[in-house]
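Copied over from TrEMBL:
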COMPBIAS  179-191  compositional bias 'Pro residues'
DOMAIN    76-152  domain 'Lipoyl-binding'
DOMAIN    200-276  domain 'Lipoyl-binding'
DOMAIN    342-379  domain 'Peripheral subunit-binding (PSBD)'
REGION    172-197  region 'Disordered'
Amino acid sequence: MLRQAARLRQCVGQSLLRGRYRGVSCQARRRYSVTGCRSRTAAPGGLRPTRQLWLHRAGLQGPAASARRWYSLPPHQLVPLPALSPTMQMGTIARWEKEEGEKINEGDLIAEVETDKATVGFECLEECYMAKILIPAGTRDVPLGTVICITVEKPEHIAAFQDYTASDAAAAVSAPSAGPTPPSTPPPTAKPPGSSYPSHLKITLPALSPTMTVGTVQRWEKKVGEKLKEGDLLAEIETDKATIGFEVQEEGYLAKILIAEGTRDVPLGTPLCIIVEKKSDISTFADYVETGVADIVPQSPSPATIASPTPQPITAPAALSPAAAALPARHASAVDSQGRMFASPLAKKLAAEKGIDLKQVKGTGPDGQIRRKDIESFVPPKISPTPVVAGPLPLMAALPPGTFTDVPISNIRKVIAQRLVLSKQTIPHYYLSVDINMDKVLELRKELNEEDKSKSIKLSVNDFLIKASALSCLKVPEANSSWLDTIIRQNHVVDVSVAVSTASGLITPIVFNAHNKGLVAISKDVATLAAKAREGKLKPHEFQGGTFTISNLGMFGIKNFSAIINPPQACILAVGGSDKRLLPAENERGFDVANMMSVTLSCDHRVVDGAVGAQWLAEFKKFLEKPTTMIL
């Protein structure tokens, strides 16, 4: 992991540090991992991180801490854990860069903290000495504002903090600024919920994605009174990214559900349910009420609303007076006594072509004969409507009542909308399209699938597209880059995001290191990820990130389309379906029939210039029209 030499003076989020650390700067790491592993080790503060939940053990506090005597300490600085990302709520002390007693110069890195976004280092802007490290390296889930170390200005003051503890720092932070008040009888404090209850586990809503701030309880998989085994799925939570299930890590019984199904926008850290070890303790929690949870009520989706517009009475029009000339009378001058028409042959021909009744035309020739000019100047008379007798009409709607359904916006749909709007408003998109001959890909795919006697793997065209995209990104690294406001980051690995449509919305699981994987490995990854995406079982690290995206709508009969870039990526490839087309050829027929596919590359013009995007498409086309080159 390389440390960037450049120092960013402005924090990612608002700093919580005071004094000399008020202007603390951050150094972002290039690679980072998302917490998703299972851990059985209890973390400080009673939080137990697991693969999909945190269990908060309530009612197991030890005896009251003995009273501490406070001594006069030399001037010092309490350094709390700052917010190193906009969504950070807690952090992990990855490594201390300074030891106790060591001098800290201006600009020195003090520690590295793993946030919800990256591993970030923060530095000191003034000279001082490290007097005491209160939170050891490796401590996970340290809440924001927790005092993590103490610094002093003079080295002789270090020894005064030899026995200083984290609890002393917490008491010092919470102590009022005013002088000590005379001792008095402390007022009785209200018992916290659960203080008089048997031992139990209080499960709170964890952050199941880096940007999650609230969640929706979609469904409880267990009922009150049911026995829980290790690994059982407890509930499904809809985050801002996906619907994720979390499971129990210890055996017990579900004693109380505090948040009902369908409750939307539940804040992080809200208690969801109570678990007890003994079945006999379940009844104890029948009337249990958690402070602050009672006000959260489920918001069930509104039923389909039928729009029944108020019928508007239709007013009968006023009676129409008969027109003076409903139809023009026949002109006697153009008709003889036997009813024959006096019209020239040309006039008759023109009248027949225009559909004009000669009986309505007034002739201007001798004896009223109809001529050519009479036909050309003829204007059909306006037929007056039949008089309508005024009278009351029954009240009825002009149109039948329409129906509509108000669909609540899920957290996933809300985030999709926000990101797409942000992408279109902030990224200067441009689009490049090309047609590709897919004959050799289809032949190779058929040959490879037939060679697999076990039929365990069935390669798809999409597998070839992912491989060709990854190799093209190595050839043209500008397309495998990210816009980060102050820098353009060119990624050295190609993690291809594949757009998958699910019932809850669009999600993009990632084929990691696609440039190093073979077609079979890519096919297995895509099949596994797509199945987990449709079942809502993707873990956050499986769909967050990626360096390049592919969206394929060819299976739906779409010929070509333009996709919206997934920031901070610089490109997304929109793939249409293939169809047979005639191509010029030097043979007896003069043409060949080929399977052609249209693709469109959407590019961020801040990162990828037009010529560079065209170069990427040329490499992509070359790999697909000669697929054997992908294995060289």
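Note that the numbers count up from 1, one per residue, in the order the chain is shown.
For all residues, glycine too, the Cβ spot is worked out from N, Cα and C.
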- [ ] Would you mind splitting the domain 'Lipoyl-binding' (76-152) into helix, strand and coil residue counts from DSSP?
- [x] 0 helix, 38 strand, 39 coil
TODO: Tell me the residue counts in helix, strand and coil for the domain 'Lipoyl-binding' (200-276), as DSSP assigns them.
DONE: 0 helix, 39 strand, 38 coil
TODO: Please spell out the DSSP helix, strand and coil residue counts for the domain 'Peripheral subunit-binding (PSBD)' (342-379).
DONE: 21 helix, 2 strand, 15 coil
TODO: Looking only at the domain 'Lipoyl-binding' (76-152), report the model's average pLDDT.
DONE: 85
